[in-house]
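**Q** Feature list, courtesy of TrEMBL:
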DOMAIN    A:3-159  domain 'AAA'
BINDING   A:Lys11, A:Gly12, A:Gly13, A:Val14, A:Gly15, A:Lys16, A:Thr17, A:Thr18  ATP binding site
Amino acid sequence: MSEVITFTSGKGGVGKTTTTANVGVGLSLLEKKVILIDTDIGLRNLDVVMGLENRIVYNLVDVLTGKCRVKQAVIRDRRYPNLSVIPSACVREHPPITIEAMQTLMEELKESYDYILVDSPAGIDSGFDLAVCAADKVVVVTTPQVAAVHDADCVLRLLRRKKDISTYLLINSFRKQLVKEGNMLQISDICELLNTELLGVVLEDEHIIISQNHGESMMGKKGTSQTCYENICRRLVGEAVPIPDFLQEKHRFRGFFWNKPAKQTINS
Amino acid sequence: MREQSVTAAKERLKCMIHYENNILDEETMGYIRRDIGNVITKYVDVEPENIEIKVILKEYKKRELQCLNSTN
Ligand SMILES: Nc1ncnc2c1ncn2[C@@H]1O[C@H](COP(=O)(O)OP(=O)(O)OP(=O)(O)O)[C@@H](O)[C@H]1O
Ligand SMILES: [Mg+2]
């Protein structure tokens, strides 16, 4: 059965696009047919992050206003055979698109794809309504910072009023060291404050920025965030993957690094 | 030494989230006015527009005060 999953947030820049791209690649690697839709109209991001900016012919606005057929706007990612993207438009004026057109498009896409991931713009205005109008699940992305958590609560409050949508929380850019020093909210604090089921946690990882410079995802690469995305994908397909205790894990991770060179010296 | 900043973050968020989740927004207030107005006109011969309805959440006021005390 197909599912529409929207990634949204109150505050901007918390990692919606990054999450949509990496979870999209991750799900496609689990042999699911996936399409990503950028609904951030006016500011295209998703195609840029994914390195597909040179392949755009038509965009979401063209589809929703009937300027082209759906197929003409779909970009197939050659690196991942199960993954496609419909990019957004770079326009200044808000085009005359309707919620009904978006819902019709989503229904049509459901026939060909297992997962339709929607990258929402920040905020709670018309772009938000468009992004969530056909969602089965909405994932609210937040960082552990006060303004982001506060805005996540505003979005969650709006979403609770909508029927037939299940809401989840995703904590992005989690910094273990800051938490240990008592200067960043813990995962449990955020869950308690926002009272929403946690889909996953993504650690802050500079490799994300480096990958995006190349227009590539984190999947299949080294970097602490890769496992985080993989876990999120496995949870989405229904596996019971626990949230690791990141604060404990750090110690084990360090131990592992210290042991390895020592062993090598003994052998050689 | 300065207190760990996470304590302040948690307290402030707790208050903000509690406040905003318990406040009556204009939309909800509209529904309440309409519903209560309908009940009143059942018993009193008065036009709905001649009724004024005000809601005071006593419990909420108390908690707001507690929050203010704990963060400042
Ligand atoms: N876990 C992470 N670790 C390090 N950097 C990250 C992480 N997640 C996102 N970033 C970086 O943060 C920036 C903002 O991310 P992104 O564009 O995904 O946010 P967004 O919520 O989509 O923003 P907008 O609201 O503008 O659409 C990007 O430069 C991205 O590379
Ligand atoms: Mg974005």
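Cβ atoms here come from the backbone N, Cα and C positions, even for glycine.
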**Q** Can you list which of these binding-site residues (A:Lys11, A:Gly13, A:Val14) have a Cβ closer than 6 Å to ligand 1?
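**A** Cβ < 6 Å from ligand 1, in sequence order: A:Gly13, A:Val14.
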**Q** Please list residues from the chain of A:Val14 (ATP binding site) whose Cβ is under 8 angstroms from its Cβ, counting only those at least six apart in sequence.
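**A** Within the chain, A:Val14 (ATP binding site) has Cβ neighbours under 8 Å at A:Ala122, A:Val141, A:Thr142, A:Thr143, A:Ala148, A:Asn172, A:Ser173.
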**Q** Fewest neighbouring Cβ atoms within 10 Å: which of the binding-site residues A:Lys11, A:Lys16?
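**A** Result for the binding-site residues A:Lys11, A:Lys16: minimum number of other Cβ atoms within 10 Å at A:Lys11.
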**Q** Going through the binding-site residues A:Lys11, A:Gly12, A:Gly13, A:Lys16, A:Thr17 in sequence order, which have a CB under 6 Å from an atom of ligand 2?
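**A** If the test is a Cβ under 6 Å from any atom of ligand 2, the answer is A:Lys16, A:Thr17.
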**Q** Using the recorded ATP site (A:Lys11, A:Gly12, A:Gly13, A:Val14, A:Gly15, A:Lys16, A:Thr17, A:Thr18) as reference, state which further residues of the same chain have their Cβ within 8 Å of the centre of those residues' Cβ atoms, listed in sequence order.
**A** A:Ser9, A:Thr19, A:Ala122, A:Val141, A:Asn172
**Q** With every protein chain in view, how many other Cβ atoms are within 10 Å of the Cβ of A:Gly12 (ATP binding site)?
**A** 13
**Q** Relative to the Cβ of A:Gly15 (ATP binding site), which residues of the same chain, six or more apart in sequence, are found under 8 Å away?
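**A** Long-range Cβ contacts: A:Ser9, A:Val141, A:Thr143, A:Asn172, A:Ser173, A:Val202.
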